[in-house]
Amino acid sequence: MFQKIIRKIVLILLIYVSWTLYGFNMEKILYKEWVGGKFVFPFTILITNAFVASCVVFVLRNIFQFFKPKQSQSKNENENENENENENEKEKKKGKGKEDKDQSDSKNKKEQQKDLPNSQNKNKNKNEKQKKQNETKVVSYFSEIPIKEFLFVSLIQTISYSTSISSHKYTNYPTKILVKSCKPISILVLGSLIYKRKYPVLRYLSMIGMCLGIALFSYQQKGSHSDEHNLLYSLSLLSVALFSDGIYAQHIDNLHRKYPSSSRIRSMIVINFLLVFCLMPLWLINAYERNNLLSFFKNNPQLIYLLLGSGVLSGIGQLVIYYSLQYFDSVIMSVITTSRKFITILFSIVYFKHTISRQQWASIALVFASLLIDSFSKAHVFEKLFKKQPKKEK
């Protein structure tokens, strides 16, 4: 019990620390005035993040799995011993029954001898099927989900990441995180229109609250005509990224429902690797990024460490969220993920000294309160609280 509590505390701290430092690194890379101007190489950031994060997840996953077989073997041995003991006790109880047991035993032995070759053949077939399944799992990551599905998901992610990172030229980092945290808006709209799913009324009300919070937050940033134009353009880019994230989430859920034996962490590794191949043509097309990248790194060698660090932190954050699903309920996980976004925005405002008015603080509170209501209604918390319990009969 004490070890589980320590594990939960460590997982929560790792989620907060990894994603907050990741946001700090990204804001420092994108918004700091480096030698030669700002870092205007978006596809380099995306490629390094995806590649380094997938390598980190792959290595750490294999390290964790190295210690699992011993535990699983010991558990299986104990289970087999308990099953054998229960079978022996049942046979002893049966042996105390009737007097005509000798005759029935002799008949059963003859029948068992007849059925021995059939049972042996069945066991051989089962062992062969298990060997084939293990071989397919070891040989390829694409054994369960088709490669076409992974390519579609990686293309959707390229649209999301490229539009999201292109918006940094026209807006600050807290606005970007605030809009990107409202992923339930795209999930609700796409789920109701395309997938024809029905959601509780509270989730639609929370969506309205998120939209109002983003509108109020962005309205306080209005200045000159050019600033308004840049703000509208950045919000349009972030909305494209938001809805592509919704398509990604819906498609991934449908894939794992269709292929229930598939591993989520395996699909995460494959999608990150395919994302690199999808982003490479965009990097090659961008002539400015291709020609000026090395000279920019020579003038600013700190950027290499920041890029590698952001990739490592992203991989650790993804892996920690995956393993924390085994220890926490969906409600607690939604609270943790929502609060870590709020902590990222708060850290960005305090460290980089962004000017935020009282109305903007109120809009941030409205957005995150709506996110919590959405997560609670998704987990049917309100239904359990206000459900009428049946009266006990006296």
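Glycine is treated like the rest: Cβ placed from N, Cα and C.
Just so you know, TrEMBL annotations are computer predictions that nobody has curated.
Listed in TrEMBL:
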| type | residues | note |
| --- | --- | --- |
| TRANSMEM | 5-24 | transmembrane segment |
| DOMAIN | 7-135 | domain 'Vacuolar membrane protease transmembrane' |
| TRANSMEM | 39-60 | transmembrane segment |
| REGION | 74-133 | region 'Disordered' |
| COMPBIAS | 87-114 | compositional bias 'Basic and acidic residues' |
| TRANSMEM | 201-219 | transmembrane segment |
| TRANSMEM | 231-248 | transmembrane segment |
| TRANSMEM | 269-288 | transmembrane segment |
| TRANSMEM | 303-325 | transmembrane segment |
Task: Ranked first among 39-60, 231-248, 269-288 for CB pairs under 8 angstroms with the transmembrane segment (303-325) - done: 39-60
- [ ] Please work out whether the transmembrane segment (39-60) lies in contact with the transmembrane segment (269-288), by counting C-beta pairs under 8 angstroms that are 6 or more apart in sequence and asking whether there are at least 3.
- [x] yes
Task: Positions on the same chain near the transmembrane segment (231-248), where near means CB under 8 A and six or more residues out - done: 153, 156-157, 159-161, 163-164, 166-167, 169-171, 175-176, 179-180, 182-183, 185-187, 189-190, 214, 218, 221-222
